[in-house]
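J.: Shown below is the structure under consideration.
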Amino acid sequence: MDGDNQSENSQFLLLGISESPEQQRILFWMFLSMYLVTVLGNVLIILAISSDSHLHTPMYFFLANLSFTDLFFVTNTIPKMLVNFQSQNKAISYAGCLTQLYFLVSLVTLDNLILAVMAYDRYVATCCPLHYVTAMSPGLCVLLLSLCWGLSVLYGLLLTFLLTRVTFCGPREIHYLFCDMYILLWLACSNTHIIHTALIATGCFIFLTPLGFMTTSYVRIVRTILQMPSASKKYKTFSTCASHLGVVSLFYGTLAMVYLQPLHTYSMKDSVATVMYAVLTPMMNPFIYRLRNKDMHGAPGRVLWRPFQRPK
């Protein structure tokens with residue numbers, strides 16, 4: 001099949017991780033519940049940060065953008081899953097699949113880069129506190145976030161363009177929850193060696209470079225914390241960084257479960273890793289920040305109950 005013409009008029013079948021009607025009903029309610037919790041949690045984080053002047057700091061500016069990214073990420077994948085669970089027609093167009101893939105790649109990359117910027121923010125706050133205000137100026141924060149968005153958009157466009165060079169033939173059944181690069185390469189009948197090599201090379205750069213930066217930042221942060229004379233100050237500083245460290249561990253852990261394996265051994269039935277990567281991480285991020293960050297403990301609750309409070 002010609003990659004430029006016939007692919008554009010073809011469809012894929014998103015069969016999900018189970019074809020049993022009973023299991024699909026269970027999965028529908030499970031994913032719907034997780035989606036609603038994710039949306040509510042991340043929207044509350046965004047509203048709490050935007051409405052509380054005490055949270056108008058670089059750390060929470062990046063956290064609000066991380067929540068927006070997670071919100072957009074689950075909205076890109078889960079609604080289509082829910083429709084497929086309830087419908088006999090599980091088709092998704094070629095263009096629709098590429099669109100979903102583009103946003104998937106871009107948003108995961110954006111998550112990754114924002115986490116790296118947040119690590120830099122924590123490094124400056126912990127290791128160079130006297131220079132924090134000037135080092136993390138509003139202009140620099142906007143510039144860093146703009147760079148994150150720009151690189152994410154370009155990386156998403158690059159991988160999506162590479163996939164348009166692939167030829168598909170035979171059954172186009174995707175036993176997966178959404179259109180994923182690895183799954184689509186698995187279905188290809190043309191030679192994907194060059195594309196797979198490019199995918200690994202660019203993926204290592206775009207993901208391992210920020211991971212190395214975050215690791216270096218936290219080594220220096222831990223070293224600085226250990227040199228603090230006061231135990232209470234050590235605990236307070238570590239608690240501030242612990243929430244971000246927890247999110248980073250969850251993000252890279254689930255990402256590794258899905259993608260750190262050769263293409264020919266890639267399991268299309270790897271449902272546990274898929275659910276953790278696609279749903280659990282965005283859902284857990286707001287809870288991690290609320291539990292581990294003192295400033296965020298009551299902020300979402302205040303936003304939630306504000307409409308029911310009587311004016312004084």
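Backbone N, Cα and C atoms are what each Cβ position is placed from, and that goes for glycine too.
Computed from a predicted structure; not experimentally measured.
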J.: Which of these ranges is annotated transmembrane segment in Swiss-Prot: 272-291, 292-311?
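T.: In Swiss-Prot, residues 272-291 carry the label transmembrane segment.
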J.: Look up the topological domain names in Swiss-Prot for Leu55 and Ile225, then state whether they lie on the same side of the membrane.
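T.: Yes - Swiss-Prot names the same topological domain for Leu55 as for Ile225.
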J.: If you count, for each of the disulfide-bonded residues Cys97, Cys189, the other Cβ atoms lying within 10 Å of its Cβ, which residue has the minimum?
T.: Cys189
J.: Taking the transmembrane segment (272-291) as the reference, which of 26-49, 58-79, 141-158, 197-220, 238-260 gives the largest number of Cβ pairs under 8 angstroms?
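T.: By Cβ pairs under 8 Å, 238-260 leads among 26-49, 58-79, 141-158, 197-220, 238-260.
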J.: Go through the chain and flag residues at least 6 beyond the ends of the transmembrane segment (101-120) whose CB is under 8 A from any CB in it; none is fine as an answer.
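T.: For the transmembrane segment (101-120), the nonlocal Cβ contacts are 59, 62-63, 65-66, 69-70, 72-73, 76-77, 144-145, 147-149, 151-153, 155-157, 159-160, 163, 178-181, 184, 206-207, 210-211, 213-214, 217-218, 244, 247-248, 251, 255.
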J.: Suppose you look only at the topological domain 'Cytoplasmic' (121-140); what would the mean pLDDT be?
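T.: Overall, the topological domain 'Cytoplasmic' (121-140) comes to a mean pLDDT of 92.
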